[in-house]
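What follows is a short report on a single structure.
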Amino acid sequence: RGICSEPKVVGPCKAGLRRFYYDSETGECKPFIYGGCKGNKNNFETLHACRGICRA
């Protein structure tokens, strides 16, 4: 799936939102802090959502 291979993008803003991204190198969904703007689609509000889309 294309979005699951996109890199983690924190973005330049400072909102400090806890999100999850799929790490295609390890095959796992991992937490990260998202700034709140200019991210990509490899950015999920929950671990469950990340695993559901990327099958981790």
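Residue 1 is the first one shown; counting continues down the chain.
From the backbone N, Cα and C atoms, a Cβ is placed for every residue, glycine too.
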Swiss-Prot annotation, disulfide partner among CYS13, CYS37, CYS50 for CYS29: CYS50
Candidate cysteine (CYS37, CYS54) that Swiss-Prot pairs with CYS4 in a disulfide: CYS54
Candidates CYS13, CYS29, CYS37 (disulfide-bonded residues) with Cα within 10 Å of CYS54 (disulfide bond): CYS29
Distance [Cα-Cα, Å, rounded] between CYS29 (disulfide bond) and CYS4 (disulfide bond): 9
The domain 'BPTI/Kunitz inhibitor' (4-54): DSSP-derived helix, strand, coil residue counts: 10 helix, 15 strand, 26 coil
